[in-house]
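Undergrad: I have a structure here, written as structure tokens, and I will follow up with some questions on it.
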Amino acid sequence: MAYSKKGEMTDEEKELLNVISEGNVQEASRLLGCKSVNVNCLDEHGMTPLMHAAYKGKADICSLLLQHGADVNCNEHEHGYTALMFAGLSGNKEITLMMLEAGADTDAVNSVGRTAAQMAAFVGQHDCVTIINNFFSRDKLDYYTKPQGLDKEPKLPTKLAGPLHKIMMTTNLHPVKIVMKVKENLLLADVESLEKCYRVLELICEKSMKQKEMNEVLAVKMHYISCVLQKCIAFLKEREDKLDGLIKSLLKGRDPDGFMAYQEKFIRECIKKFPYCDATLLQQLVRTIAPVEIGSDPTALSVLTQAITGQVGFIDAEFCTTCGEKGADKRCSSCKAVIYCGQSCQKQHWFTHKKFCKQLKEQIEKQEKEGAKLKEKEEKHIPKKEEVSVCGTVTQESTETSKTEEKVPEVQEEKNSVASESVQTCEE
């Protein structure tokens, strides 16, 4: 891959960087057609146009640059940053995935020894961390779609590679969500297809554990998805209600409190079946889950999710009660306690929720009344003098805040002017 020397840029290349900042795709396309423009040109800090576009969150321009042959693994930056690191720092999930699909090296480290995932975590971009940690190249899966060695047939039919890859790439490990993905795809939802898929997952699991650079996280994830697919096979063979029956079993709440005990036991059993007993991650999972009584926190799903995806528990987000999808914003209109991502999930869960809806509603109302009484008591006990002094302090603080706020645009402008300056701050 041909690179120019740092800072030695033609006028057109300098203009390209300005166009990237503006997000003008049409003008960027025109400039990339010029002979004087090297798609991998370097500014004075060793940043390529792709790095600039990734850092500034310009997905369309990133795509355009990759089409023109931009090197996703260029490491000429003065601090060893790659395009994937800049994508992670920007917090743009689409660009992060784009870099990975273009062949970005997830193990590359910068001058302080941090990978792209570690840099994204450092600045709080946990969604990008999850995408990086859960990425599995389609090329690696396509290996199983071709006969190997003495095999006359491939282990995985080509038509199943796409649907299986989507399930492998999921960051939502809720068993109901995985079963839903199987049910939605007609190619997957039959016994023969699922048997081929779960066997390939077991091979990937084995390879991950036996290769020189062991990948326990990938191995545990592939094993877990394999267990879910095997459970799908069992229900397709034995039950008349097939996958709908499996979803109901996983969602059914036990009588005292509505806790999904079958789901908890199933996930624990999946972890227990992991064939490599000496694996550090397995031992960590067992130590965390084993002492917890079924029905108490943390659940097996939350522990498994945190171990595999890197999602942290303190992130302020709501999850669908039915499928575990992040960002759910619909509530049961009666009790207001249970959250869903849509009407479909609410309908799926209603058969069990209706038994506990009234009870939950009463609990919520009781908590609200107690909270209101406590607030009323606190307000009565606050002395008037104290109220005045507090108000005075607030006024002073608000004045100081307003002064600070007047300066903010200048600070932001300074940060945006040179991407590398803000990168150095992150590094420190």
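A Cβ is built for glycine as well, from the same backbone N, Cα and C atoms used for every other residue.
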Undergrad: For the record in TrEMBL, which of the ranges 128-170, 386-428 is the region 'Disordered' one?
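TA: Range annotated as region 'Disordered' by TrEMBL: 386-428.
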Undergrad: Work out, from DSSP, the number of helix, strand and coil residues along the domain 'MYND-type' (320-357).
TA: 12 helix, 5 strand, 21 coil
Undergrad: With Cβ-Cβ distances below 8 Å as the criterion, list the same-chain residues six or more beyond the ends of the repeat 'ANK' (79-111) that contact it, or say none.
TA: 47-48, 50-51, 53-57, 59, 62-63, 66, 70, 72-73, 117, 119-120, 123, 125, 127-129, 131-132, 135, 137-138, 419-420, 423-424, 426-427
Undergrad: Can you break down the repeat 'ANK' (45-77) into helix, strand and coil residue counts using DSSP?
TA: 16 helix, 0 strand, 17 coil
Undergrad: State the residues, same chain only, that lie 6 or more residues beyond the ends of the domain 'MYND-type' (320-357) and have a CB under 8 A from a CB inside it; answer 'none' if no residue qualifies.
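TA: Sequence-remote neighbours of the domain 'MYND-type' (320-357) are 172-174, 176-177, 180, 247-248, 251-253, 255, 257-258, 301, 363-364.
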